[in-house]
Amino acid sequence: MVNTMKTKLLCVLLLCGAVFSLPRQETYRQLARGSRAYGDPHATCYKDQGVTYRGTWSTSESGAQCINWNSNLLIRRTYNGRMPEAVKLGLGNHNYCRNPDGASKPWCYVIKARKFTSESCSVPVCSKATCGLRKYKEPQLHSTGGLFTDITSHPWQAAIFAQNRRSSGERFLCGGILISSCWVLTAAHCFQERYPPQHLRVVLGRTYRVKPGKEEQTFEVEKCIVHEEFDDDTYNNDIALLQLKSGSPQCAQESDSVRAICLPEANLQLPDWTECELSGYGKHKSSSPFYSEQLKEGHVRLYPSSRCTSKFLFNKTVTNNMLCAGDTRSGEIYPNVHDACQGDSGGPLVCMNDNHMTLLGIISWGVGCGEKDIPGVYTKVTNYLGWIRDNMRP
């Protein structure tokens, strides 16, 4: 009984990290000051070795919860939250992963097999250096609603499949967008039938919708997170996240056919009429009986907010969480209006920003397909960066 109590007390001290020497307000103030000076407190991944990582990841690679850096049991350790350089190193009254000693990646102290030790964290590596980059191939074949293209031109494109409920096999469900090694962003309305995660499959690196590719990567789904305030009448908050299942912290392997898209900065606002791209395996037009066999791309322009209202969309509800984009070309030279259509839902609307293709929207809804002067409607990604970040945490 005595040993059990000691073990419990040890765990409480290690995990909770009782702090007596600094008032909580001062500790938080120092932490905030250090975060602003030396790194982004909202970061969901680390760059290089992670020395400047100031995010809130707090789980080790083995799944253990990190110990508070201000724990009394760390006082004699080289690195702790009360050392003179603590703020500069990102240490303080928290249990977030850090790299104060220049190790290969962020780490923290944990309890493993009742022993006190340090362990590397499962924080993802930032793909900023390569996100949104591609080997673009100029499309050679035109199609109604867009252009046939190759997956290397849109390596962040995902294809989501669902098991049939009343028969064997599976069916193509929606498009998706790879935003990090283990996470795919998509549209909430794709999951109105409430598929359990084990009935979903994600394919990356595929040019043809149902024909396997040589470099494709296939994953089962660990989690399906639909926005808690998704409105299936108006499609407000039309966003969802899929966590890919893998036996290691790394899921998708980067290649010319598979690469994450860059997420935008929260304050990113591109000029009206900026040309952007969409991609997907959807129908060629509303009356098409089948989805496209090959990936297609479309070229559209961002509409001003004054043109993205119910007035221009047959009195359909348009909220501040939506943006509009459409093909503004017209005349005999451009009889084919580029637009998303059924089956493209959940796919990307991407625009060039700082020499990287960047995700601006998620294909959500529209009035018909390829109708002249009627834009498609997309989920505005900049409004959901906090939601994405919070749900990607372990």
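Cβ coordinates come from backbone N, Cα and C, glycine included.
Swiss-Prot lists His189, Asp238, Ser345 with the feature active site, charge relay system. Here Swiss-Prot flags Cys45-Cys126, Cys66-Cys108, Cys97-Cys121, Cys131-Cys262, Cys174-Cys190, Cys182-Cys251, Cys276-Cys351, Cys308-Cys324, Cys341-Cys369 as disulfide bond, drawing on similarity to another entry. Per Swiss-Prot, domain 'Kringle' is recorded for 45-126, and the stated evidence type is sequence analysis. Annotated domain 'Peptidase S1' per Swiss-Prot: 143-393, in sequence order. Residues or ranges marked as N-linked glycosylation site in Swiss-Prot: Asn315. Per Swiss-Prot, signal peptide is recorded for 1-36, and the stated evidence type is sequence analysis.
Recorded features from Swiss-Prot, shown on the structure.
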residue	record	Cβ within 10 Å
Cys45	disulfide bond	18
Cys97	disulfide bond	26
Cys108	disulfide bond	25
Cys131	disulfide bond	21
Cys174	disulfide bond	24
Cys182	disulfide bond	22
His189	active site, charge relay system	20
Cys251	disulfide bond	22
Cys262	disulfide bond	20
Cys324	disulfide bond	24
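Most Cβ neighbours within 10 Å, among the disulfide-bonded residues Cys121, Cys276: Cys121 holds that distinction in the structure as shown.
Fewest other C-beta atoms within 10 angstroms, among the disulfide-bonded residues Cys66, Cys126, Cys341, Cys369, are seen around Cys126. Geometry remark: Cys174 (disulfide bond) versus the residue listed as 'N-linked glycosylation site', CA distance 26 Å. Cys369 (disulfide bond) falls within neither a helix nor a strand when secondary structure is assigned with DSSP, and so counts as coil. Among the recorded positions Cys108, Cys182, Cys190, Cys262, Asn315, the residue whose Cα lies closest in space to that of Cys341 (disulfide bond) is Cys190. Taken residue by residue with DSSP, Cys190 (disulfide bond) is part of a helix. In terms of DSSP helix, strand and coil, the domain 'Kringle' (45-126) has 7 helix, 19 strand, 56 coil.
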